[in-house]
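Undergrad: Let me give you the structure first, and then I'll get to my questions.
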Amino acid sequence: MKILVCIKQVPDMESKFRINGAGTWYDESDLAWRINEYDEYAVEQGVRLKEQVADAELVVLSIGPDRVKEVIKKALAMGGDRGVHVKDDAAFAKDSFEIASIVAEYAQKESFDVIFTGMQSQDRASAQVGVYLAEMLGLPSVSTIVDFSYADGTVTASRELEGGLKAVVKVATPALFTCQLGLNTPRYPTLPNIMKAKKKELLTVEVAELLKVDERVETSRVYFPERKGGGLVLEGDVGEMADRLIALLKEKTTVL
Amino acid sequence: MKTLLVGEYRKGQLRDSCYELIAFAEKLGADSTLFLVGSPTDLPRTDGTLYLADVAKYGEFNPEAHKQLLLDVVAREQPDAVVFSHSSYGWDLAPRLALALKAAQISEVVDVVDGSFVVPSCNSKLRREVKAKTAVSVITVQVGAFNPGEPSGTPTVVALDTDAVGSLEFVGYETAEKGGVDLTKAEIIVSAGRGIGKKDNVELIARLAEALGGEYAASRPVVDAEWVEHNRQVGSTGQSVSPKLYLACGISGAVQHLAGMKRSEYVVAINTDRDAPIGEVADVLVVADLLQFVPVLTEKIKAL
Ligand SMILES: Cc1cc2nc3c(=O)[nH]c(=O)nc-3n(C[C@H](O)[C@H](O)[C@H](O)COP(=O)(O)OP(=O)(O)OC[C@H]3O[C@@H](n4cnc5c(N)ncnc54)[C@H](O)[C@@H]3O)c2cc1C
């Protein structure tokens, strides 16, 4: 079985963001970068599937500048077999359609039986790439899964809906799944596995070789939302703030 | 401008979100037509044309068949935009349809400014203005972003059919076990977010809730980590609550969390990050480390 997991590197969402010079995205300097939370579940599910079926290969792919090799290496240390880095310094400017097309172009060359992606990225949050990719490859897809089990060429997956409801579906492989938070508990790479991962193949492909389409969505401007809330902000000494808050609760609510 | 609005059915019932789509189309000043895989026994209250496919035949989760049904309507109606809610139904179907139509897809629209669509990024810390570069676009709108008016009217139904079959087999629905607490009735809720750091600290939140005579709850990561049981999760995939006081401790304020607590009367957020998006909805934002602040607050409340 051949398994593909697509991952993205994103900034820590608690970062102090700044807008880039062109006003079209955040400034990428001085940020702490991580694997997209949703993709971490995707990697874990890929590794579990690989461990379950004998004779499987797990490929991890990421698009972006050189720094994204870090997240590929993390995924390899979690149990991936080889990495593909699509080198693209301008990945941030590409829309979901372009990103999915790049992956589809690569994935066409190797026939993957199961593909996992995150349900969305934490920064763009479009929730499009996985489903787009499946459609481009002509594969069935199940989005937002919170449960996955595989037996004899069939996957049973739970798809999360709103309000605590799930839909259980069965689908034959090859198929694609987009992973939701809570699908599993991603493992921490152990030191020996981190060392082993350094020796695993990490192929770099220039994005120009894989990009055959034009963007369909254009970003004209990125900005900070206006603070409309106008709520009160308390800062300073913990004890004094607690007193202030209690006074406010007495004044503005009926709970105290 | 002409929009095709895609309503949703869940467990045999129309979801109210279709009225938000109508509000969105009105904001665009568009003429709209509705599409629904549903049943004639529960139709949207609105005038105009409604293309209806039978949910008993096609199912509520059968994206390939729903896509084909939609493509047939798009061919007949030639809309400029097809609009879904940004929900599990919408984000699953929208890219499928967009690809088939060679259309741009824009997700999670919260506003429209001079013909550009505004979408949140980075956990709502940033806003992006985007435009479709294609003639037709497929849009999902954020749940709760466009306020519906009072629904009224009776649609003119046009029945739909297709031979398309999907490759997924729908096995059934699963409901998360409720039981135990009923957060929907709680007047005071103290909610723990990922900022609590570890399971042991749930105790701090529970103690504050007890001191206030309320319930404790949690955001999703805290539930996913199994620090708190699922029936205490607040949000779009948890419970919707409407207490008199909601205390969000170490919660950033992602839309999916806000969806579950936005009907709270008074919101207090405790967060180390002054820029956390929860500040947008909080009446009071206490900029503090909850591990220090919550115990102090608890003691002071107990002493009242
Ligand atoms: C389809 C879908 C459905 C979802 N459904 C839900 C849902 O029902 N409910 C839900 O909650 N989420 C849901 N989510 C997840 C949601 O997008 C967020 O990931 C989640 O709400 C974040 O939880 P959080 O705020 O606790 O954690 P984070 O976003 O990680 O925020 C932690 C916050 O704690 C602060 N902090 C850190 N340390 C401290 C400290 N010591 N003291 C004070 N503050 C501190 C940080 O500044 C930060 O603001 C859903 C996501 C998707 C895609």
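Any Cβ shown, glycine's included, is placed from N, Cα and C.
According to TrEMBL, the protein carries these features:
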{"type": "BINDING", "residues": "B:Arg194, B:219-220, B:233-237, B:250-257, B:Asn271", "note": "FAD binding site"}
{"type": "DOMAIN", "residues": "B:3-174", "note": "domain 'Electron transfer flavoprotein alpha/beta-subunit N-terminal'"}
Undergrad: Just how many other Cβ atoms lie inside 10 Å of the Cβ on B:His257 (FAD binding site)?
TA: 27
Undergrad: Using other CB atoms within 10 angstroms as the count, which residue among the binding-site residues B:Ile251, B:Ala254 scores least?
TA: B:Ala254
Undergrad: Checking B:Arg194, B:Ser236, B:Ile251, B:Ala254, B:His257 - which of these binding-site residues have a CB within less than 8 A of a chain A CB?
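TA: Going by the Cβ criterion (under 8 Å to chain A), the qualifying binding-site residues are B:Ser236.
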Undergrad: Restricting to the same chain and to sequence separations of six or more, state which residues have a Cβ under 8 Å from that of B:Gln233 (FAD binding site).
TA: B:Ala217, B:Ala218, B:Ser219, B:Arg220, B:Val223, B:Gln239, B:Gly260
Undergrad: Between the binding-site residues B:Arg194, B:Ser236, where is the Cβ count within 10 Å the lowest?
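TA: Candidates: the binding-site residues B:Arg194, B:Ser236. Fewest Cβ atoms within 10 Å: B:Arg194.
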Undergrad: In the three-state scheme derived from DSSP, which category covers B:Arg194 (FAD binding site)?
TA: helix
Undergrad: Based on DSSP, name the secondary structure state of B:Gln233 (FAD binding site): helix, strand or coil.
TA: strand
